[in-house]
């Protein structure tokens, strides 16, 4: 297969270059030869070192066989965009390159026990021909990343994939993020699952006969894992998909504080967090020194002055320990598929809990060699579907349509 791919790629590259590059360097064919030679060498390097099958980590042979049959994308070679395969570049370019499918939401505000409110954006998919009965239409709960909302391109693509399968989606927007007002001086964090529990209970109560799954991205994935580790099998969710989660928060923030990563990601993320709370300053300054919070220059400083204090942790280390899903993975009680790239600076490869995952028959890790953080771009011009989108689509379809077979194979 590799030899065949190499032959096809080099042949197409040669034909393209011959049509685009003028023959002759100083009147000879040396220039074309050099370009062709470089192109062939790069193609060989790409096919031998970049394009690889992901590593599938699972202790349960039946879970592996289930994935191989009904979610084969996790066993196929991932071909990252040939000109954009490095993790940082994929992370930076994905929001600008990928398209933004049109989605019409129905917004719902639900009240919380402490007097706050949570904004849910529903995609009901009432035109579903596969599941015309709304009471039994499969439902996918989507959890965006740290400062993300239902408008993120990766969320829109997940909804688009779900729409083609006939499913309903609902996006859980963290407090104060999606334009709604804060009614109490409280936002959100990766460790506290109270709001997520309220949302899951609410969605399930509306459609108790509908199959129910969840998918979390980045911090949304961390929050979902922490919830699953807390509840075990006592959840209405039948399965979950996790994408680009930060498994160990200590390792994540240390990686993000390296000079280049701070410049590219950390400072921007910190300003996004500050921007997300500045609109609620009048409410929040009842409990916080907002001037001090606004001086933070790293995510760690922001969490030290704001997040850990808001949720009553004695120190930021206590918060980060509680927020790290690697410590709760053993307790997950439903099938979970977790996709990470080993070149993700938000979740370093050495912090991915491979050995812990092997101790839980409900957990499968899919580890790609490239992809960055919520990147996973593929194709020459990766405007539409990414590898992550394909994993999401195949896994949710596998669980909704064949989930009863997962432990009987």
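Heads up, the Cβ atoms here are built off N, Cα and C, so glycines get one too.
TrEMBL annotations:
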- 23-47: transmembrane segment (TRANSMEM)
- 138-379: domain 'AB hydrolase-1' (DOMAIN)
- 218: active site, charge relay system (ACT_SITE)
- 344: active site, charge relay system (ACT_SITE)
- 373: active site, charge relay system (ACT_SITE)
Cβ neighbours of residue 373 (active site, charge relay system) where a neighbour is any other Cβ within 10 Å: 25
Spatial neighbours of residue 218 (active site, charge relay system) that are distant in sequence (at least 6 apart) but have CB under 8 A: 144, 145, 146, 148, 243, 244, 245, 246, 346, 373, 374
Under 8 Å by Cβ from residue 344 (active site, charge relay system), counting only residues of that chain that are 6 or more apart: 87, 91, 244, 371, 372, 373
Reported mean pLDDT - the domain 'AB hydrolase-1' (138-379): 97
